[in-house]
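Peer 1: Below you will find the structure I want to go over with you.
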Amino acid sequence: MTATPADRPDPGVAGDADWAAEARPLLVHADMRLCKRFDQGEPTERLLALRARAVDQLMRNAWARCIPADARLSLHAVGGYGRGELFPRSDVDLLVLGETAAQQRHEQALARLFALLWDVGLPISHAVRSPAQCTSAAADQTVLTALIESRPLVADAQARAALAAAIAPQQVWPPRAFFQAKREELHARHQRFGDTADNLEPDIKDGPGGLRDLQTLGWMALRAFGVKDLEALVGLGHVGMDEAAALRREREELARLRYGLHLVANRPEERLRFDYQKTLAERLGFADDPESLGVEKMMQRFYRSAALIRRISDRLLQRFEEQFDGEAVPVQLDAGFSLRRGYLTADADTWPDGDVVQVFALFAQWAAHREVRGLHSLTARALAEVLRDLPAYDVADAIARDRFMALLRGPRAVETLNRMARLGVLGQWIPAFASVSGRMQFDLFHVYTVDQHTLMVLRNIALFAAGRADERFSITHEVWPRLRKPELLLLAGLFHDIAKGRGGDHSELGAVDARAFCLAHRLSEGDTELVTWLVEQHLRMSVTAQKQDISDPEVIHRFATLVGTRERLDYLYLLTCADIAGTSPKLWNAWKDRLLADLYFAARRALREGLEHPPPREERLREARESARTLMQAQGHDDATIDRQFAGMPDENFLRFRPEQLAWQAASLIEVQIGQTLVKARRAVPDNDALEVFVYSPDRDGLFSAIVATLDRKGYGIHRARVLDAPHDAIFDVFEVLPQDSSADGDPQRLAAALRQVLAGDLLKVRPSRRAVPRQLRHFRFAPRVEFSESAGGRRTRISLVAPDRPGLLADVAHVLRMQHLRVHDARIATFGERAEDQFQITDEHDRPLPDAARQALRDALCACLDPT
C-alpha cells in the first residue's frame, strides 16, 4: 500500500467516509496479493511482515488524518502486531501512549481514529494509557507480555523511552518472577488441552507444542536476556545452533498452517477443526494417495512439529531455570550418571556418540530412580544430537537388543517406553514406530494419533499390572497374574497398530514386523508365536463380542477354536481391553466391560470342557435355571414361586442372559399378571451409569419402536436390545443403555416411569424426535449400506446396517421397521466414531423371514431414511 487517501489534505470528519471507502479496497487488494504469494509458497514469515508493514502505513496515515501533530500522544503496535507478525484475520493490537491530560484533550480525535480504522475493516483492539498507567496495568503479566513486544508506529525517542521505562524490570516483573509466571501459565495452558497436541482438532496457536509455546520462549528470552529472538541466544550459549534452526523451521511450519487456516475459515480460527482440515490440506498441496489421505499427511506434519517443539522447549525452560538458580551440586548415581537439581545427567566423558547401549543405560537409570524429574537439558540435547546415529534394532548388536529387552522386563517398563517415544529413541530403535508417529486417522473413532494410541494401550496394561483398573475393568485383576511373561503383552501392544498407513491389512503386516522383532531379540519360538498371533488377531475378540451373538454356542465354539489355549485367551482378553479403552475416552463403558468378560468366561469354559463336545442345549438350559434358582432362593423366594415365574419365561431367555439377570427378571414378574405391562430399570453395575431396562408386555404393534423412541428422547443410547416371545402372547424386551447426553439424568426409576407412561398410551402416535446433527458428524457423511442374510437356521432375516451416525438414528430405523410391519427379535447397536454399525434379526408380522421383494422394499425405506444427502 504505497498510496492511500491520507496523502491528500484532511477535509475533516466529513470526509472520513470517503477516505475509508478508498482505503478499504487498498487493504483488500494487499491481502489478495499476499494470499497469491502464500499459495505460490513464499515463506510465511515474510508474508506476515509484509502484511504488518502494509497496515503500518495505513495506521500512520489515519493517525496523521485524525490526531494533531502537537497532541503529545504516540501510537505503538503491541502483541503479535508489535512483533511484526500479522496473520490474515488476527486482531490489530494498539497502544496510544500519553499523559492523562493529553488523553482527555484529544478524546474525540482518538474516538474518530478508532472509528475510522474499524470502517476500513481492521479488527483493532486498543488501549489508551499514560506511562504510569502502563506500569500499573503491567502488574498483570499478560498485559506486560503485550507491551514488551511493542513497536513504535508514530512515536519520538522520548515516547519510546517513556514506555520502556514504564515496564522496565525495575518497575514491574523482574526476570525471575516473569519466568516463573510464564512457566506456570504454559503448564496451565497445556493442561487445558489434556497436555497433548494429539487431539482430533488441535489448536495451532495455544495447544501444547503450538505457536504460543514458541512465543513464550521468546518472551522469556526478551525479559531475561534482552534479545528479540531465540537465535540471539546462540551466542550467549543458552541455545544450540541446531535447536535454534529446528525451532525456526517448525515455527514456519505452524505459521503456514495458521495463515492458511485463517484464509480457508475467513475468520481468526486457531483450531484445525474438521470443517477446515480437508480444504486446508488441499490448499497446502497435500494430496491423497493409496496409503494416506492428504489431510492425514498434513495432520501428521503438524503433530510431529508440535512434538519437536515440546522437546526443545522443555530443554530451554530447564536452561533458563538454571540461569536464574545457578548450577546445582551433582549427586552421583551409578558410574557415569548423576543428578543435578533432580535432573538425570550423563557425564560428558562417559557419553559415547551413537552408542545405543549407553542410551539404554540412561533409561535404565531413569527407571531405577523415582526421584528423577527428567533428563538434564544438556543430556537431552546430547541425546538429540546422536539420535540419528543410533542403529535400528535390526542392525544393532546382541548386547543392545538384550539391553532393550531388559528395559521391557524391568520396573516401570511402560514409563520407559513412553519416555523413549517422546524423546525419539523408540522410533529410532523401531523404524516402523517412527512411521506411525503423529499419524492420525481421519475419523471420529480414533481420537489419538497411532503412536499416542499405542502408548495409551501400554498405559492401560500398566494399570492392569498395578491393580488400579478394577473400577473400569471388572476382571483384568484376576487375569493379569496368570500371564507367564508380561513383556509379551507389552510387545503385542507395541506392535498391534504399527503397520497402519501402509495399505493392506495392518494386522497381518504388523504380525510380520512383530515376528521379525521377536526373533531378532532372541525370544523363544513359543513366545514369538504368541506375540505374532496376538498382533494378527488383536481385533478378533472385539469384533466377536460387539458384532456377533455370544449367547450362541456356535459363535463361542468358533472363537474358542480360533484361540485354542487358555494362555492365548488371557493375553488376548487383556490386549483387547487395553486397546478399546485406549482408542477413545468415551469408547470403553460398563457394557463393553461386561460383554468382553462374558465372552472370556464362555470361551474359557469351552476350552476347559473341550471343543470336540460342546454342551447340548438341554444341559445349558438346566444349568442356567439351577444357577438362577440358587440366587432367587438366597433372596427368600420359595421353589413354587420360582417354578411359576420360570414357566412364564421363554427358554431362549435362559440361554441369552446371565443367572443374576434371570433372577432379577423372574423376581420382577411376580408383580405382574398375564396381560399387564411391566417396566423395570436398574443399574447394571454399581456406581456406574449403565442401565438395564426390562419390559414385559402383551405383544402390540409399535412396541419396540415406541420404547426406542422414548429412550432416545430421554437421552439414552442403546447398546443392545433383545426381544423374545413369551407365553400368553407376551413379549420380553431387554435393553442395555447408557446416558448419551445431558438430558439423561441416569435415574433408573424415573426412566422406568417415563416408559410406563408412554406404553400406557397409543404406541402408534409415538414418533422419533428430530435433533440437529453435531458439527463434527457433518463432515463424515457417506452412503448407507444395508445387507440381508439368514439367521436362526433360516427362521429369521438378519439386517446388517452401516450408516453415518447421528442423534436419533436407531429411533428412525425402528420407526421404519414398524411402518413395514416387521418384528424385531434382536438388535446389536455399535457406534465407531462417525459410523453406526447395527444388526437386527427380524421377521414379518407372521414370524416368517423376509422374501426378496420385502427385503428390497425395506432396503429402499432404510436408505431413504438414512441417506445423509
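Note that Cβ sites are derived from N, Cα and C of the backbone, with glycine treated the same way.
Computed from a predicted structure; not experimentally measured.
Take a look at what Swiss-Prot says about it:
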DOMAIN    450-572  domain 'HD'
DOMAIN    692-771  domain 'ACT 1'
DOMAIN    798-869  domain 'ACT 2'
REGION    1-332  region 'Uridylyltransferase'
REGION    333-691  region 'Uridylyl-removing'
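Describe the structural surroundings of these features, if you would.
Peer 2: Note on the domain 'HD' (450-572): DSSP counts are 87 helix, 0 strand, 36 coil.
Taken as a whole, the domain 'ACT 1' (692-771) shows an average pLDDT of 88 in this prediction.
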Peer 1: By DSSP assignment, list the helix, strand and coil residue numbers for the domain 'ACT 2' (798-869), in that order.
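Peer 2: Counting residues per DSSP class in the domain 'ACT 2' (798-869), I get 26 helix, 28 strand, 18 coil.
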Peer 1: Across the domain 'ACT 1' (692-771), what are the DSSP residue counts per state (helix, strand, coil)?
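Peer 2: For the domain 'ACT 1' (692-771), the helix, strand and coil counts are 26 helix, 28 strand, 26 coil.
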